[in-house]
Structure formats: C-alpha cells, structure tokens
Amino acid sequence: MPLSNGDAMDASKAEIADYTTAFEVLKRDYTSSDGLDIKQLIDSDKRGALTYNDFLVLPGYIGFAASEVDLETPVTKRISIKAPLLSSPMDTVTEHSMAIHMALLGGLGVIHHNCSADDQAEMVRKVKRYENGFISDPVVLSPTSTVADAKELKAKWGFGGFPVTENGTLRSKLVGIVTSRDIQFHPKADDAVTAVMSTDLVTAPSGTTLAEANEVLRQSKKGKLPIVDENGELVSLLSRSDLMKNLHYPLSSKLPHSKQLICAAAVGTRPDDKIRLQKLVDAGLDIVILDSSQGNSIYQIEMIKYVKETYPQIDVIGGNVVTREQAAALIAAGVDGLRIGMGSGSACITQEVMAVGRPQAASVYSVSQFAARFGVPCIADGGVQNVGHIVKGLAMGASTVMMGGLLAGTAESPGSYFVSNEGQLVKAYRGMGSIDAMEDKKAGVGGKDNKASNAGTARYFSEKDRVLVAQGVSGSVLDRGSVTKFIPYLMAGVQHSLQDIGVTSLTKLHEGVRDGTVRFEVRSVSAQAEGNVHGLHSFDKRLYS
Ligand code: IMP
C-alpha cells in the first residue's frame, strides 16, 4: 500500500529494502514528494497568515555550480533585469547615486518623490546620462564659455570632458575638447575655455559602428572620442569611462536598444503628479511606480489609464496591493507590474495603527499567482531582513524584491553617516509615513529643496487632513558599506540558495513551485529558534567578505 509522508517509519519495520532500489521504493511506496507543495503550505496555516519566517524551502538536487544560477527576471511586462533586487522610493534610500549603482549592479533603484519635480527630474537625468554608447546629446561648450562654466558643469553632471564647437551646440564645427585636467588647476576662472582646451583631437567619422569607435578610443588613449560628419561638425561623442563601466559592470540594467541605464521613479496620483511625470519623462524615465500604500483607488486607476494613454513608451507599476481583488482592479486598468506589501516594512506601523494590511508571504503568494495569469510581474516590497527573505519572496511568486531598511545604511543612500549614542556608525532611515517625513522637517535628507515639497509623503496623507496620522517611524540603521559589495553578496546568496533548492534559474524556481517539485516545510516557533544561532557563549555574525 502506498505510504504518506508520516508513514515512513512503518515502511522500515516492514522491510529492509535493497539500497539500490531506493528510487523505485520512493516512487512505488509514497504518494507524494516529501514536504508540502505551495498550496498545502498556504493551507497549512489556517489563519492564512504566513510570514517569511513561518516556512522554509526544502533542498533539492545539486547538479550545477551556484555561479551558474541565472537571476534574470522581469520587472515589468516589457523590461527584464539581471538581478531581482530593487531599492525603495524613500528619501533615505534612493536618489540618483543609489539608482545608478543599483542599475550598474543589475538591479534597479526607484527614485523617491519627496522633493520638487525639478529635483526629481534632475536625478533621472543623472541616471540616464551615466552610461552611454554614442552620447547623442552631449554637454557642449562654446569658445566663449569660461573655465568657471566648465567647472560648474563638471560639478553638476559629475563628469568632465566637454567638446567645444563654434556655436556651442551639437551639429556645429568641433574646435576642441576641455578635459577635467585642463581646468583642474587653471588659476583664472574667467579665462575662455579656448585657452585651456586640447585641439589635438582624434575623431571618428559619422557612420562608424560602436565596436569600431570603441576600438579607435582604445587605441587613441584619449578620454573622449568625438564623432564628426564630413564638414567636421560634431554629431555625437563616445566616452572611455563608459568602456570601463561596461567592463566593470557586465550585468548593468539597460534596455536592448540603448546603452543607458534603466531609470525608474515614483510619483503620486494627484493632478500635480501629471506635471511631475511629464518632467520625468522629458528627462528620460523608463518606468514609473505609482506610490500608494493602498493602491486600489479611483485615483490610481485613473492615473494608470492616463499614463498608458499619454506615454505608451513608459511602463507603469501599480500598488501597493496585498489581495487578488486589489490586483484585479489595477491589472484591468492596464498596469505593467505590481508592487506587493502593506504593513511589512521595517519602519512601518500601518498594521498597528490602521488595522489594515497582510503578512507578507501570504500577500506575495496571493497576488503573484493571480497576476501570473495575466503575465504581470510582481515586486515583493518590504520586510526583507536577509538573503533568505529575498528567496522566500521569490519562491512565493514575486519576480523581484524591493528593499528599504536593508539598503539605507549603504554609502549610496542619501544623507551622511553619524555616530549613534552607543558609538556605532549609522545613517538615518525613516518611513515615508512617519511624522518626520510628513512634516518634512529633517534637513539634508530628500533632495535640495525637500522642505519646499512633500509630495512623496502624499502616499500617507491628503492635504485636507487636519491631523497627521503616522504610519511609519523615524530612526537609524547600521552602516553597511557600499552597495557595490552588498548587492553582489545578496546575489551570490540567492544563487547559493537556488542551488540548494536544485533550480538553475528564477524561471525554474517559479516553474518548480507551480508544478509542485519545489517543496516547503512549515516552521514552528521552536523550529525558528533551532534555525538561528543558539547555545553559543558569544559569536561574531559577519555575513560576507
Ligand atoms: P523595508 O525594506 O522593510 O524597510 O520596507 C520598505 C518598504 O516599506 C517601502 O518600499 C514601502 O513600501 C514601505 N514603507 C515606506 N515607508 C513606510 C511608512 O511610513 N509606513 C509603512 N510602510 C512604509
């Protein structure tokens, strides 16, 4: 008679089978694989309230190296990235520096909107200009521009090396190039750039392919390669630093037809946000996230339709949602992606104050498996404290995972480090629904003119509200070093985990969960204690080196 999982002991009493027949015995005598399939896992919790800590994934068979595990995944219906990791649109997490580095490392940073529309658009522009193939709209100087102008542009854009043309525009005769070294120690700020620029130029003719131009650049040992037409007029520019970036960041998130980094930013759903969005689109935005703690609203549905009609080239991610019904409303309105989570964020008190929300693993499963029927990828947003939580979010059906608190302590988040009362190096981290963020009191966080506009916190209150009800707290997180080390650690951790599970890619993980070959186990409170460090007198928890 076939045995269920719990009957294994009886089998050993009944017979000592020939060990070479282990697989046959497995097939013949057991009705199902060990552990639970996803449906049984979800049903196992009669309260329907699974969190990431309540379950584990069971190991499978390893027949490949962890480094071979493919983490490519969709973030919207049209756009895929190489690492399933996103940074939150929060003013203590994602400005241009975080967005640039997340994209270079294969993920995506979503630029917050707790600043003026112009500041946010400038951040988008910085991301889009960061890495290029042929730069088709380079910053160009005229012969009357001064050394001070060049220094100012370098400070603004973060790069030097400006072509100088007769009219100071593209499609005008190239007369020289001003590099950082030309202006660095030049004593007279008022001098015209023609006094310091290089005129000994290596150029390539228009029509040169990217590969050919890269080769000319390599050979020339110059920093920039201007591309000129038959009249010597500037057409575009190629930069050596982009060659280096391609070398150092092979996973970077780019659209196939462009060499620029993919840029995502958040906006709200007020009438003003349409003006903001226009500015972001003009700056080159690729993906917009409609930022709301409860996304199933008339405002968001109308905004989704507006974005899809007005900017068909832009992908729109809706949310946040935690139920199938919420998801259905946004899918019907036309979203290209969904963001899942309500109340699970580390700086969040929504569940306590509003009595509304849902445990994160249950939310991710419910929404993702429904959205998958329409080909809509999902982001598991919030509550991620470690690599294991990332894997569990993905195993529940999410395509990507969004993090706030885990990334707020990195060098690329906004704001400066300071020493806490306990003598530790920390950085500020605050919920966008904290009183602090809503009153927008803190200086130095959230863009230059943060005090002028608190659009980002509109997620948590409306202008008509007389009393601000906090849904978040304000605090600090420990220094985590640079994301250039931390993101590769998270990715390597996910790859090792998927290797243990026995799947070679995120696509295979999702398939395995769907067809029941990836198995789960419920984790009791004592199992959770067993799975953590215990019984040691003291220990040092270094996570990577
Ligand atoms: P964390 O990664 O656990 O820190 O969660 C980050 C997520 O928390 C964000 O992406 C938002 O969805 C959410 N969040 C941000 N601010 C607040 C807040 O003030 N209250 C509730 N949730 C918040």
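Each Cβ is built from the backbone N, Cα and C atoms, and glycine gets one as well.
Within the same chain, residues at least 6 positions away in sequence whose Cβ sits under 8 Å from that of C348 (active site, thioimidate intermediate) are G382, G431, G433, Q471, G472, V473. The active site, thioimidate intermediate feature in TrEMBL is assigned to C348.
Taken from TrEMBL, the feature active site, proton acceptor applies to R459.
Residues annotated as NAD(+) binding site in TrEMBL: D291, S292, S293, G341, M342, G343. Within 10 Å of the C-beta of S292 (NAD(+) binding site) we count 22 further C-beta atoms, all protein chains included.
The K(+) binding site feature in TrEMBL is assigned to G343, G345, C348, S526. For the recorded site, C348 (active site, thioimidate intermediate), the DSSP three-state label reads strand.
TrEMBL lists S346, D381, G382, G383, G404, G405, Y429, R430, G431, M432, G433, Q471 with the feature IMP binding site. Taken residue by residue with DSSP, G431 (IMP binding site) is part of neither helix nor strand, so it is coil.
The domain 'CBS' feature in TrEMBL is assigned to 134-193 (among others).
Per-class residue totals from DSSP over the domain 'CBS' (197-253), listed helix then strand then coil: 20 helix, 15 strand, 22 coil. Taken from TrEMBL, the feature domain 'CBS' covers 197-253 (among others).
For G404 (IMP binding site) paired with S292 (NAD(+) binding site), the C-alpha to C-alpha distance reads 15 Å. Closeness to ligand 1 is met by none of the binding-site residues D291, S292, M342, Y429, S526, no Cβ falling under 6 Å from the molecule.
Separation of the C-alpha atoms of S346 (IMP binding site) and S293 (NAD(+) binding site): 14 Å, rounded to the nearest whole number.
Across the structure, D291 (NAD(+) binding site) and Y429 (IMP binding site) are spaced 18 Å apart at their Cα atoms. Secondary structure of the domain 'CBS' (134-193), assigned with DSSP and counted as helix (H, G, I), strand (E, B) and coil, comes to 17 helix, 14 strand, 29 coil. Across the structure, G345 (K(+) binding site) and S293 (NAD(+) binding site) are spaced 11 Å apart at their Cα atoms. A simple way to gauge crowding: the CB of G341 (NAD(+) binding site) has 28 other CB atoms within 10 angstroms, across all the protein chains here.
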